[in-house]
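S.K.: Shown below is the structure under consideration.
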Amino acid sequence: MFSYRHAFHAGSHADILKHLILIHLVEYLQEKPGALTIVDTHAGAGIYSLIDGFATVSKEANEGIYRLAKFAKTNSLCPGIANYLECIRAENTEDEITIYPGSPFILARLLRPQDRLKLFELHPKEIDILRHNISELKQAKQIDIYAEDSFARLKGLVPPPSRRGLVLIDPSYEDKQDYRYLETAMEEALHRFATGCYAIWYPTLSRRESAALPDRMKKIATAHKRSWLHTELRVENAPKERRLQASGMFIINPPWTLEKQLAESLPILIKALGQDSGTGFVLKSFEA
Ligand code: SAM
């Protein structure tokens, strides 16, 4: 436990899919003026250098954000991807991308004065880095940071007072039990706050628990009579080294606009990030 450091994976294709969707969800929910509470259950360190430290060991950004940025120079993008790239570039002063914002920074920058952000992080080193990074932001007063197990705490945080909430659940799945904890946390959260928007990230692996996750989530959403959207992005087929080749997002109570945005974005991501003929995507939804 606790060998996972997100810096190794910052700016990867999986981050692109997750953060592209996250930005869309926040901006949709902010179309109404009421206060929005966002819970990021697995925060990480908040923001990452791509030119020194862990990120330079794994170089996952080379097949992720750097590929996309290069593609963007000679190809036209859809508004969703252009908007995502703008959010990433906003953390960089130079033309070249050397800094990659994790979900806490992406979310913090999007907060309006009436919104709140709650970040959870359990890793003893990551939590200190996260606290330091967030303290430098002008939005820091709107952000609470908890060094607690978010799976256990989530049910106590929903519904938020404004009853408008977005929950990002992005575990490392380092502990195989995370799959089970996720199911319990989702059951409890939907029981208390059925109308919240929940975005769950997962790695697409051959491991039984990972392969079963979308169906488990569909079952939970259906039992609570909730709409859902399921998407996966695969950038290569042949297993190379120990890199992740595909990842997915499962969204419960997705905005009606998300499927259209992904139908535009995913074919572009395939062109930009695809490495071999195994590239592909999944996009399915159900309206309750
Ligand atoms: N959401 C981040 C982003 O998009 O930039 C990346 C998060 S990373 C995939 C998962 C993080 O969750 C790790 O930093 C890990 O230490 C932390 N973590 C693992 N189990 C946790 C738990 N039960 N509660 C809170 N944090 C946890």
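Quick reminder: no glycine exception, Cβ is built from N, Cα and C everywhere.
Quick paste from TrEMBL:
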SITE      Tyr4  site 'Interaction with substrate rRNA'
BINDING   His19, His42, Ser103, Glu121, Asp149, Ser150, Asp170  S-adenosyl-L-methionine binding site
ACT_SITE  Asp170  active site, proton acceptor
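Quick one: where do these features end up spatially?
M.R.: Every protein chain considered, the tally of other Cβ atoms within 10 Å of the Cβ of Tyr4 (site 'Interaction with substrate rRNA') stands at 16.
Residues near Asp170 (S-adenosyl-L-methionine binding site) in space but far in sequence (CB under 8 A, at least 6 apart, same chain), listed by position: Lys18, Asp40, Thr41, His42, Ser103, Ile200, Trp201.
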S.K.: Which residue, out of the binding-site residues Glu121, Asp149, shows the minimum number of other Cβ atoms inside 10 Å of its Cβ in this structure?
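M.R.: Per-residue Cβ counts within 10 Å for the binding-site residues Glu121, Asp149 bottom out at Asp149.
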S.K.: Taking His19, His42, Ser103, Glu121, Asp149, Ser150, Asp170 as the record's S-adenosyl-L-methionine-binding set, what's the max Cα pairwise distance in Å, rounded to a whole number?
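M.R.: Spelled out: the longest distance between any two Cα atoms in His19, His42, Ser103, Glu121, Asp149, Ser150, Asp170 is 22 Å.
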S.K.: Whole-number answer please: how many Å between the C-alpha atoms of Ser150 (S-adenosyl-L-methionine binding site) and Tyr4 (site 'Interaction with substrate rRNA')?
M.R.: 16
S.K.: Sort out the sequence-distant neighbours of His19 (S-adenosyl-L-methionine binding site) for me: same chain, 6+ apart, CB within less than 8 Å of its CB, listed by position.
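M.R.: His19 (S-adenosyl-L-methionine binding site) has long-range Cβ partners Tyr84, Cys87, Ile88, Pro101, Ser103, Ile106.
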S.K.: For Ser103 (S-adenosyl-L-methionine binding site), what is the tally of other C-beta atoms lying within 10 angstroms of its C-beta?
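M.R.: So the Cβ neighbour count for Ser103 (S-adenosyl-L-methionine binding site) comes to 25.
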